[in-house]
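Below is one structure. I have some questions about it.
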Amino acid sequence: MNTMSVMKKTKQQLHESGFKLTPQREATLLVLLENEKEHLSAEEVFFLVKKKNSEIGLATVYRTLEILTDLKVIDKVSFNDGVARYDLRKEGAKHFHHHLLCLDCGTIEEVEEDLLSEVEQVIEQRYHFFVKDHRLTFHGICQECYNKKKERKTV
C-alpha cells in the first residue's frame with residue numbers, strides 16, 4: 001500500500017470529519033502501515049508508536065484507532081483470542097477482506113477476493129436487505145500444520 005497516498009487520503013478524511021492529522025495520529029497510522037500484514041492489538045500498536053513518539057499515551061492510541069475505524073481507514077477484527085485487532089482496509093475495496101485462521105498455530109492469512117458478491121445479490125433480492133459490508137473468517141488448519149500432522153501419522 002502506498003504510504004503517502006494513504007496518509008494524504010486519511011488527512012482529508014479526518015479534515016472532512018472535523019479532525020486533524022496530529023503527530024500522534026500520524027505515528028499511529030504509520031505503525032499500522034509499516035505492519036500492514038500483521039493484525040495488531042491496540043496495546044501492540046501503542047508499544048510500537050511509543051518507540052516513535054515517547055509522549056503518546058495508550059488512551060490517545062485507543063481514540064485514534066476508534067476514529068480511524070469510524071472513517072473506515074482500518075477495521076476492528078476479533079479472532080479466537082478475544083482481543084480486538086486492527087487491520088488496514090485496502091484502498092478502494094468495496095468490502096472488508098476475508099481471513100483464514102489456523103486453529104493449530106494461530107496464523108492469519110488474508111483473502112483479497114470478494115467471494116460473497118453472489119450471496120449479497122441473493123440477500124438483496126430475496127430479503128430486500130442492502131448489504132453495506134460483511135466479515136468472514138474461515139477457521140481451519142493451514143497447509144504447514146496439516147503437513148506436520150500428516151508426517152506424524154506416517155512416522
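Indices start at 1 and increase along the chain as displayed.
For all residues, glycine too, the Cβ spot is worked out from N, Cα and C.
What TrEMBL records for this protein is below:
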type	residues	note
BINDING	C102, C105, C142, C145	Zn(2+) binding site
BINDING	H134	Fe cation binding site
Which residues, in sequence order, are found in the same chain with Cβ within 8 Å of the centroid defined by the Cβ atoms of C102, C105, C142, C145 at the Zn(2+) site, excluding those residues themselves?
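Surrounding the site, in chain order, are L103, D104, G106, T107, I141, Q143, E144, Y146.
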Kindly assign C102 (Zn(2+) binding site) to one of the three DSSP-derived states: helix, strand or coil.
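For C102 (Zn(2+) binding site) - judged by DSSP and reduced to three states - the answer is strand.
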What whole-number Å value do you get for the CA-CA distance of C102 (Zn(2+) binding site) and the residue listed as 'Fe cation binding site'?
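Their Cα atoms are separated by 20 Å.
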Whole-number answer please: how many Å between the C-alpha atoms of C142 (Zn(2+) binding site) and H134 (Fe cation binding site)?
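About 23 Å separate the Cα atoms of these two residues.
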Distance check, please: Cα of H134 (Fe cation binding site) against Cα of C105 (Zn(2+) binding site), rounded to an integer number of angstrom.
25
Which has the fewest other CB atoms in a 10 Å radius around its CB: C102, C105, C142, the listed binding-site residues?
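Each of the binding-site residues C102, C105, C142 was scored by Cβ atoms within 10 Å; lowest is C105.
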Given the binding-site residues H134, C145, and counting only Cβ atoms in the protein chains shown, which has the most within 10 Å of its Cβ?
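Neighbour-count leader: C145.
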